[in-house]
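Visitor: Can you keep this structure in mind? I'll have questions shortly.
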């Protein structure tokens, strides 16, 4: 049987009650996407991320499953596409918003996990690690 002091038990409860946080990070086009002159179909605004289906003509109204633009809400929606843009979010901000709490929990002895999901070469490692310092 495990025994907890009230302070420690409260700390465990607070940690367990924290919700899972989700984040989407829109990164720079790959060299292949640049060669194909790909168009950006993602728009970030606050915590919302909108995706535009360019195959559906603008102004066409139809089946709700085939909307031209779909919007999703996340805890964090980051635009790391263009470092000159006013909406650009740096790796430092991503770390401050997400990584600090995960590291703090790990250093306090709790299990901590960051799960990065995405297409191959979509920037998962970059989002987690940034650019190597030389």
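Here the Cβ of each residue, glycine as well, is placed from N, Cα and C on the backbone.
The domain 'Kinesin motor' annotation in TrEMBL covers 19-134. The ATP binding site annotation in TrEMBL covers 118, 119, 120, 121, 122, 123, 124, 125.
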Visitor: Would you please pick out, from the binding-site residues 118, 123, the one with the fewest other Cβ atoms within 10 Å of its Cβ?
Guide: 118
Visitor: If you run through the domain 'Kinesin motor' (19-134) with DSSP, how many residues end up as helix, strand and coil?
Guide: 31 helix, 23 strand, 62 coil
Visitor: For residue 120 (ATP binding site), what is the tally of other C-beta atoms lying within 10 angstroms of its C-beta?
Guide: 5
Visitor: Quick one: of 119, 122, 125, which of the binding-site residues has the smallest count of other CB atoms within 10 A?
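Guide: Counting other Cβ atoms within 10 Å of each of the binding-site residues 119, 122, 125, the minimum falls on 119.
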